[in-house]
Each structure stands twice: as C-alpha cells, then as structure tokens.
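Okay, structure first, notes after.
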Amino acid sequence: MGKSIAINAGSSTLKFKLFEMPSEKLLSMGAIERIGLGSSDVEIKYGDGEKYKDNLDIKDHDEAIKLLLDKLISLKIINDFHEITGVGHRVVAGGEFFTDSVVVDDENLKKIESLKEFAPLHEPANVLGIKAFKKILPDAISIAVFDTSFHTSLPEVNYMYSLPYEYYEKYKARKYGAHGTSYRYVSQRAADMLGKPLEDLKLVILHLGAGASIDAVKDGKSFDTSMGFSPVAGITMATRSGDVDPSVLQYVMEKDGIDNMDDMIDILNHKSGLIGISGVSADMREVEEAQTENHRAHLARDIFMNRVVRYIGSYVAEMGGIDALVFTAGIGENSITLRQEVTDKLSYFGIKVDPEKNDIRGVERDLSAEGSTVKTLLIPTDEELMIVRDIERLRK
Ligand code: AMP
C-alpha cells in the first residue's frame, strides 16, 4: 500500500492532502501559508482530530516541502519519505494542449511553463511546487491535474469570444474555464446518486466557493462554463467581479487615474465581488449576517443570487433542459438559505427542494421535494481525491 499526496501550490501557499491508496483513506491535510513573507503559518491536521500549528520563517517552496515532509515523519503520519509514491499537482492552466491529467516528464513540464501567460499568478507557483517535489521525491510518480482540462470539450460556439477571429488564431484567446477537477468529481457523483449514466444527463453544477463558477454538463462532458479566459469572468464571487462591460473599466481608469491594466485587473480580482459591493466582507457568512442592517450587504447577496439564477437559466436554455441542479463548494454546501432561495426562483423549471432535506450542511444528499421533476443534489466536492485517483489511473 502506498501513499499519495495532492498538492495545491500558490505563490505564497502550499496546501496538501495525504491519502493512503488505494483505500483512499485521508491521513493528513494542511497548509503552509505566507511562504517567503517572513513569518509563515504551518497547520497540519492528522489522526483523530489532532492538529499541529506553528509559525516559522520559511523562505521558499523547497524549504516548505522539506519542512512538510519532515513534519509528516516527526508527527508519525509517515515513517519515511519514500512511502509517498505519488504526487499530484493542481495546475491552473492547461490551455488547449492538456485535455487530461498527465505524468510530468521534461516535455510536459516545459509545456506547463510555456502556459504561464494564461495564469501569470498561478502557473509559476504550480511549476515551483512540481520542481521542488521532484527534487525531494525523485522516484515518486508526479502528475499534473489541470483546472481547465474538463472544459476542453466545450463546443467552439461556447468557447469563442465575439472578437476578431485572428486573436484566437494568433494567440489562442478564448474561454478556458476553471474548477474542472471539481466538476469532474461532482458530475460523476451526481450520476451515481441518480443511478444513470452521466452521458444521459443534463446537469447544471454550481461550484459556489470563494471562487465561484457554474458549469453545464451535457453528454457526460462540460458543455458551457461561466469562467472565461481567466477565473475573473462569470458570476459574482468573494472578491472577483464576474462579467463586466470592458468600457466601464476604461471609464473608471480614466476617472480614477488608474494608468495600467494590471492594476485594474487586480481590482477586478481582489477588490470586487462581495467585498467590493458590500464593503463588509468577502465571506458569504458575514455578508448574510450583515444583510438585515446593511443595504450594501443585502445588495451584494442579491447580486450574487441574481447572477447564479441568470446563468442557470441560460444553461438550461442552451442544453434544452435539465435533469439535476447540483450545489457544491463552501457556499453551495453550507448556505441553507441561499440554496432554498435560488431553487425557489427556479420553480417554473420543475425544481422543488424539500426544506427539511435542505436543512443540512456539507453532506451528500438528494434535496428534491416529492414531485419535483428536476432533482436538486448537494454534493461536497473533493478535488484532492480526484487528483490522487488520477495518480492511480496514470500509474498503470
Ligand atoms: P470554498 O472556497 O469552497 O472553501 O468556500 C469558502 C466560502 O464558503 C467562504 O468564503 C464562505 O463565504 C462560504 N461559506 C462557508 N460556510 C458558510 C455558511 N455556513 N453559510 C454561507 N457561506 C458559507
């Protein structure tokens, strides 16, 4: 029996989940945050609710990974590095090239590095993580699992922007989407729960976390998705704007003296969405708590709901129907009121949720009321489990 680790490396973070395989038993999970920023937070959960926490000066990803592996040994989660026989890395951008997860050899690593223009903040961090693990665990299989792969099935009509065609031809400027690993996991679970082949189902999956997107799954494949060339597009998110008219950006930049697009993109990614509208919080719990007293918090939640409902409607229209609506990720799994209110607005589609069944958080369940012609499912996502399953699949 080996152990596999799923890694999500950001520019200053390293999150992980360690599984025993093939039993898929979760052995440990945690994160190292603020790497290279002077005082890094380390948190490792393991055993029966045990937790290790520390604050250290960790200068780079190499040091973070070495520390993580040492801690896994000293906390007796593993006995030796070499028990870890598989490392799976979440990689944000796979472009048109990576239609599935791959084993990272030299050629694939070069290709991943060449895609950094598609995710300038994330891809270099993903590459750092891959290289650092390869150095410390050279004998373990190393795989890359792309957020975008699941969406390489989008039909041309859904991935093309209505821009001069040459921008696609010359620069591959198109919609790529994100959260693909989550959609892959959740869509398969939905088919299992409904007892039907995925290929026969029309699903709308709502991945509503801090980053949020919506996916239409048809014929077992991603058919349309709300994120675009980058994750800033689509619905309102914690700190991201979702869809906006580009002309308003030009207008605001001129008025506010913002003289470069990078700064504006930063505002769209980090200062917009729930935090931008409400001024209260990027966290939906706090926005929900504030909404009775605070108009802007109320508005932020209303706009969030409106964009969710708008996308569901357009995806049902595009697919010509819907068999099931699926809620996942932090808000989708935990906001009972939001699930109820979204589905109440969709009753004309034949969607009806049973309030008693809906009175639950973070547990896989069919929430549909008696007589509902469209099912509503709650399915907690598990991207890391999907990643370690990919390791097993690609080992063969
Ligand atoms: P994720 O990115 O999937 O981890 O989701 C994180 C988000 O889930 C948080 O920022 C919260 O806004 C949201 N969330 C978690 N618990 C709740 C809850 N009980 N009610 C509403 N939103 C929640």
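Quick reminder: no glycine exception, Cβ is built from N, Cα and C everywhere.
No curator has checked TrEMBL annotations; they are predicted automatically.
Over in TrEMBL, the protein carries these features:
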type	residues	note
BINDING	Asn8, Glu383	Mg(2+) binding site
BINDING	Lys15, His207, Leu208, Gly209, Ala210, Gly211, Asp283, Met284, Arg285, Gly330, Ile331, Gly332, Glu333, Asn334	ATP binding site
BINDING	Arg90	substrate binding site
ACT_SITE	Asp147	active site, proton donor/acceptor
SITE	His179	site 'Transition state stabilizer'
SITE	Arg240	site 'Transition state stabilizer'
Cα-Cα distance linking His179 (site 'Transition state stabilizer') and Asp147 (active site, proton donor/acceptor), given in Å to the nearest integer: 5
Message: If I restrict to non-local contacts, at least six residues apart, and a C-beta distance under 8 angstroms, what lies near His179 (site 'Transition state stabilizer') in its own chain?
response: Asp147, His207, Gly211, Ser213, Asp215, Met227
Task: Quick one: of Arg90, Arg285, which of the binding-site residues has the smallest count of other CB atoms within 10 A?
output: Arg285
Task: Mind running the binding-site residues Asn8, Arg90, Glu383 against ligand 1 and keeping the ones whose CB falls under 6 Å of it?
output: none
Message: Restricting to the record's ATP-binding residues (Lys15, His207, Leu208, Gly209, Ala210, Gly211, Asp283, Met284, Arg285, Gly330, Ile331, Gly332, Glu333, Asn334), give me the longest CA-CA distance in Å as a whole number.
response: 23
Three-state secondary structure, which DSSP defines for Leu208 (ATP binding site): strand
Query: Here are some recorded positions: Lys15, Arg240. Which one has the most Cβ atoms within 10 Å of its Cβ?
result: Arg240
